[in-house]
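What TrEMBL says about this protein:
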DOMAIN    99-165  domain 'Cation-transporting P-type ATPase N-terminal'
DOMAIN    217-315  domain 'P-type ATPase A'
DOMAIN    827-997  domain 'Cation-transporting P-type ATPase C-terminal'
TRANSMEM  142-170  transmembrane segment
TRANSMEM  182-201  transmembrane segment
TRANSMEM  339-357  transmembrane segment
TRANSMEM  379-412  transmembrane segment
TRANSMEM  807-825  transmembrane segment
TRANSMEM  831-851  transmembrane segment
TRANSMEM  944-962  transmembrane segment
TRANSMEM  974-994  transmembrane segment
Amino acid sequence: MVRIVLRNLERIEYFLHAPNTLSQPKKRWHSAFLIIYCSKTLLSFFSGSPSQKKYSKVSRLPSFTVVDLKPDTRFKVDQNTLIQLVKEKNVDSLKKIGGLVGVASSLEATVEFGIQGDAEDIARRHEAFGSNTYKKPPTKSFFYFIVEAFKDLTIFILLGCATLSLAFGIKEHGIKEGWYDGGSIFVAIFLVIAVSAISNFRQNRQFDKLSKVSNNIQVDVVRAGRRQQISVFEIVVGDVVCLKIGDQVPADGLFFDGHSLQVDESSMTGESDHVDVNCSHPFLVSGTKVVDGYARMLVTTVGMNTTWGEMMSSISRDTSEQTPLQARLNKLTSSIGKVGLLVAFLVLIVLLVRYFTGNTTDDNGNKEFIGSQTKVDDIVNAVVGIVAAAVTIVVVAIPEGLPLAVTLTLAYSMKRMMVDQAMVRKLSACETMGSATTICTDKTGTLTLNQMKVTKFWLGKETFAVGSYSSIAPYVLELVQEGVALNTTGSIYRPNTGSDIEFSGSPTEKAILSWAVLDLNMEIEQLMQSCTILYVEAFNSQKKRSGVLMRRKVDNTIHVHWKGAAEMILKMCSSYYDASGIVKDLGDAEQMELEQIIQGMAASSLRCIAFAYKQVSEEDQENKRLDEDGLTLLGLVGLKDPCRPGVKKAVEDCQYAGVNIKMITGDNVFTAKAIATECGILRPGQDMVSGAVVEGVEFRNYTPQERLEKVEKICVMARSSPFDKLLMVECLKQKGHVVAVTGDGTNDAPALKEADIGLSMGIQGTEVAKGSSDIVILDDNFASVATVLKWGRCVYNNIQKFIQFQLTVNVAALVINFVAAVSAGEVPLTAVQLLWVNLIMDTLGALALATEQPTPELMDKPPVGRTAPLITNIMWRNLLAQASYQIIVLLTLQFKGESIFGVTEKVNDTLIFNTFVLCQVFNEFNARKLEKKNVFKGIHRNRLFLGIILVTIVLQVIMVEFLKKFADTERLNWVQWGACIGMAALSWPIGWIVKWIPVPQRPFLSYLKISKK
């Protein structure tokens, strides 16, 4: 009996929890079937045993119907129909399947309610239509980077030399002893390649992670009647998406409702003309941008089924982007490489001449070349050894580590900047930010919290405290409520559970809606139902106002409502309402009085918004144009947006670092001055007379010459348009400034692209703005902009540290090998030893010095600007001093080491090798600080640096003491180790003394250019 119940329980439970989507007649049939089914199940308890039931047969009568008891996950419209619908943009095809209403019904969605949106509903839609993700090209494997590393010409030559050395060594000494020389070079080469491949592979993975973050756009959707933000990847077919200016259309779909919607389809079609989208042309294509208006769209196709998905699946992010600094370093590498090639060629000639003239001897003192008596194998073996030595000099001379150091420091800084709320979209911005001389910043949301709240309300010439509106005429309040409810892009959600009302939209819209609902008791649903919207003029940053033309259903009258910047709306008015509901003329005296009220609110750091309306005739509304004069002023509201905590300190830090901060805002001049003074951008006493504060129209009307003369003095530009911002950026760049600009709107895109560094806002920024920027400030905070500046300087500084370190090694190695080859006929450092030095300075050195974190002293210096030399006079002083010391010590060991220490030639060569490597280890500490004398400050915080130093020392001990045949070294005793460490440690006091020597400001290389002329 229990088995029967368990067997049927699942089916009974399904019927009890069946979705309530049936019509009334079907519900009756459903109930009847449920009663019959349950009755039959209960009767089975009393009719026979389960075993009898198992073998009983049921006659299949024609009147029976087979009922599928599994839930139906299918929709009334198939996927292929929806795919072709938007791709073909065929209105007739849309009508055949019931038009927009029919498609929405088939997808179980409504414009107000959206979809159900629970886990089961989402899973059903994923199964039927797929997810909003696209296939990505396969990421580059580790093997790819190994192959890339092998493409280096010098590596190929060394591999050839290693192969010949291995072959001749085995032939001459047998496989047991003969493989050491060639095998050692092979191991060293593969070690260098492996480290390089691992570094590039890790960097590629880092970019992939950043790409995922940057593509994860947040989208507004309506689910279960509630407007909410979800990831673009979570969108499903049937979702109702809210679109506004600057948004990227997240999937293919149909226009549900909205006003004045225009999209830019140039990313898909190449056509620059904007396309109107409305009920007669309702097709929206994913990847296109909204340039005007607002709307709600019904998603019909997602992911790989969209044209955008197909296109994106074939595009991979270019991680081989070369930054300006990398380009400069490549030139430097090329120049040093040419010098290295010249030295290597001279060494090759000298060694070959010495060998063939019989001036070289073997370990026993016998001549290596005795004319025709010398075997061909011996000659070839000797020549291969000489070529290998020359090629290895080239390997050491060419600083391949410079581009690697840039890559490492950029990848490291990008990762750390993400923690500090800055997402880098373009690599070059990291380093360029370090050179920034001017930052042009927005006010709202960047310097302020973007948490608007209505704190003042003026009706005519009277002010009313928040919450005390009982004395205002009801008709006037109704007009204000009408203006708020109908002329907004925000929305309200009232939960059934008694939770707080939720407001959606921009901070300004949310603040006004909150005030109207909570203080004026506005019922937005009733107001929306009582009117029909005829035409909407959407808000944009140029007009700074929005309007709506609507018809009241009660009396069929037509009204226009305007909302926007107070002084602009005021100019459109010819009358105003007082608290009693009486309309009064707005003469010059009243106009001036109201302007002073607006200025007073603005001086208190309030954003002033005005509401106005007008009743219009049937004839006026036919041309779909909103009246802009003869309006009646309904009221003024003042919105408070407090400054962000810490923004004043961030501004002061930037100014102390020699970076000019300019505030560019759409607010009026009084609000702008108040906020700028509060943030520290404007000093008390600076006013319009000194040219520190201008309005956009004034700046625009200057002659080009006047703009260039005055642009550096400007601290605040109020009532600016995006064109004014672009104009300012162009002027500053003409004056030689490196300009960073913040922007959040669609119209800011030209300025963001024109600037040296475009900084978009992650929260309030539109997708168009983010797409045009180099760095996205994730928390919209100016303090994060100051952090980006610090990181930019850190990147530049780390590169300079590594250049100084590497050039010291290059100069020392080249001079020592050349002098020794010319004078003694041999190079003191073997191919394997030089490759080991190359590994230390290129890869491990880059890792150690390129990952230093920003320090406060970085903000003590002025910006380097656009034309500053990469190798400064300070760097030349430091590297020449250290290189000279190393050359003197090592050449002394080369010529006098055997007599000084009383050792054999082999031990002396090991002493030279060991001292040279330890010099680099000690000099790595010197390179940490280019100017500061205390090179150990903050070293305990850089564990990676200390770890690399420790690893280098351990590996060096292994090379000298345990890998004798591999590294061609001899074991050293404690005295010899102490001597090597002592000679290397002298690098520290030399570095400290050298930093007392003053250097001229004029770049060292400029003297050479003048002498050439």
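Just so it is clear, glycine is given a Cβ too, placed from its N, Cα and C backbone atoms.
TrEMBL does not curate its annotations; it predicts them automatically.
Helix, strand and coil residue tallies for the domain 'P-type ATPase A' (217-315), in that order: 16 helix, 48 strand, 35 coil [DSSP]. Remote same-chain residues near the transmembrane segment (974-994) are listed as 877-878, 881-882, 885, 889, 901, 903, 907, 911, 914-915, 918-919, 921-923, 925-926, 933, 935 (criterion: CB distance under 8 Å, separation of at least six residues from the stretch ends). Using DSSP to sort the residues of the domain 'Cation-transporting P-type ATPase N-terminal' (99-165) gives these counts of helix, strand and coil: 41 helix, 3 strand, 23 coil. Proximity of distant same-chain residues to the transmembrane segment (944-962), defined by a Cβ-Cβ separation under 8 Å and at least 6 residues beyond the stretch ends, is recorded for 836, 840, 844, 847-849, 851-852, 910, 913-914, 917-918, 921, 924, 928, 969, 971-972.
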